[in-house]
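Record features (TrEMBL):
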| type | residues | note |
| --- | --- | --- |
| COMPBIAS | 111-122 | compositional bias 'Pro residues' |
| DOMAIN | 72-482 | domain 'Major facilitator superfamily (MFS) profile' |
| REGION | 103-126 | region 'Disordered' |
| TRANSMEM | 21-45 | transmembrane segment |
| TRANSMEM | 171-195 | transmembrane segment |
| TRANSMEM | 201-218 | transmembrane segment |
| TRANSMEM | 230-253 | transmembrane segment |
| TRANSMEM | 259-279 | transmembrane segment |
| TRANSMEM | 300-318 | transmembrane segment |
| TRANSMEM | 338-358 | transmembrane segment |
| TRANSMEM | 365-385 | transmembrane segment |
| TRANSMEM | 397-417 | transmembrane segment |
| TRANSMEM | 424-443 | transmembrane segment |
| TRANSMEM | 455-477 | transmembrane segment |
Amino acid sequence: MSPAADRVPWRWLAAGRASRSLVLVVVFVALLLDNMLLTVVVPIVPTFLYTTEYEGANSSVAPARTEPAPPALKTPPFSSMFSYFDNTTVTVSGSTSATELVNGTEINPSSQPPTTSPPLPSGCPEGEEFLAKENVRVGLLFASKALVQLVVNPSVGLLTNRIGYHIPMFIGFVIMFLSTVMFAFSGTYTLLFIARALQGIGSSFSSVAGLGMLASVYTDDFERGNAMGIALGGLALGVLIGAPFGSIMYEFVGKSSPFLVLAFLALLDGALQLCILQPSKICPESTKGTPVFTLLRDPYILVAAGALCFSNMGVAMLEPTLPIWMMRTMCSPKWQLGMAFLPASISYLIGTNLFGILANKMGRWLCSLIGMAVVGISLLCVPLAKNIYGLIGPNSGLGFAIGMVDSAMMPIMGYLVDLRHTSVYGNVYAIADVAFCMGFAIGPSTGGAIVRAIGFPWLMVIIGVINITYAPLCWCLRNPPAKEEKIAILSQECPMQTKSYTTQKTLRDFPLTDDSDVEAENAE
């Protein structure tokens, strides 16, 4: 083979490393796998714990219950019974001691109405008290991922400012792979809890580094909005596939099968990152980013983060409580527990891709305001469903509305940093991810306790009213003012542009090739 032919793959690889589109593909795949693992456990964990703990405990004591009980009253083989009806004496054998003789007619007591409660309908799980307690335990397990991610996110934001986005992205892949394998072979609640918490660490690295990388590559506000919409489409696709995929694989193949498939896909993602991102290369930001606590004091960033938090808190509360509510009220089989989330996932996928473009035209503040109002109305309609088909409408509206909010708020976070702070994005997307995590931490952990205290319908009323009440605050994002120093920079460097901002540093297309740093220095 000629030397020129040998250099062709390397040229293609070098071109790929400088391509923004391939960077978007890497982030898309990382968010896809992260959210597939996030939702694949939703239909599996409640039924798995019920099967292993409740039914397992009852099956171990079942033989003791089936042992024949000794007779309460021992009677001789033949006894006499005097009838006051016709003043006669009747000889009764001991084998008929369980019957009554009235006028020589045997009446079996078993034909009398039973004193116990009627049995549950066919297909409904037993153990109402166990299911009520399971709401709390499953909620805490689901919330553990978000709680850990909440703690780790600020540190990851600082780390990306120091060493760049490539290495944290690859660290996220490694941790995600270990968590997926641990899920596949965990057989107790404690091991599942640890695997879920480990997933939170990996998710923190992947999401903060991935979104920050996109914001640094796509500097134009309109292009950034489109790129964020596509990346959130990966998130939506993961949510879309996860729950139905998990329920069907668990029902017909086994518990470990969906996690092993995800582990294999994670390995492919790791290979893609090795080829495109060069995770051994340290690329620190040349400009010091705005501190996290300074960003948290910005009221506009807080409003945007609150919209992300409360809109996603609704679906976070549904994840642990809706499958158990369906088991108790609809007697749903295992495969339906995950399929119930399918309408929400499909509509979320449509919403993020559609409003990634439309939100910029109609106003991102208006898109998020309408989205939060629709989230609240959809949550109020969920308890009205009598079967799985009644959940299609509310869940579709919920997913579509959350897609509106997410596709509007994620670009706004980068826009606010460009407008009011230093254009370094690791910290602001750490705050955005913290907002997600607060929704997915507070939602499941409090949702199970609220359901046990006042019931599932009232839980939906509470979170629905919160979303409708918060929606008008999105009006504040209609025309946020720029800081004074940013106004001076913008007036000098891009006086005619209102949607694209030149940062204080010379922007590079993407610092992935070995010669990119030299080119940037020559440009300066």
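Here the Cβ of each residue, glycine as well, is placed from N, Cα and C on the backbone.
Remark: the transmembrane segment (365-385) contacts the transmembrane segment (300-318), by the rule of 3 or more CB pairs under 8 A. Most Cβ pairs under 8 Å with the transmembrane segment (21-45) belong to 230-253, among the candidate stretches 171-195, 230-253, 300-318, 397-417, 424-443.
A mean pLDDT of 79 is what the model gives for the domain 'Major facilitator superfamily (MFS) profile' (72-482). Stretch with the largest number of CB pairs closer than 8 A to the transmembrane segment (230-253), among 201-218, 259-279, 300-318, 397-417, 424-443: 397-417.
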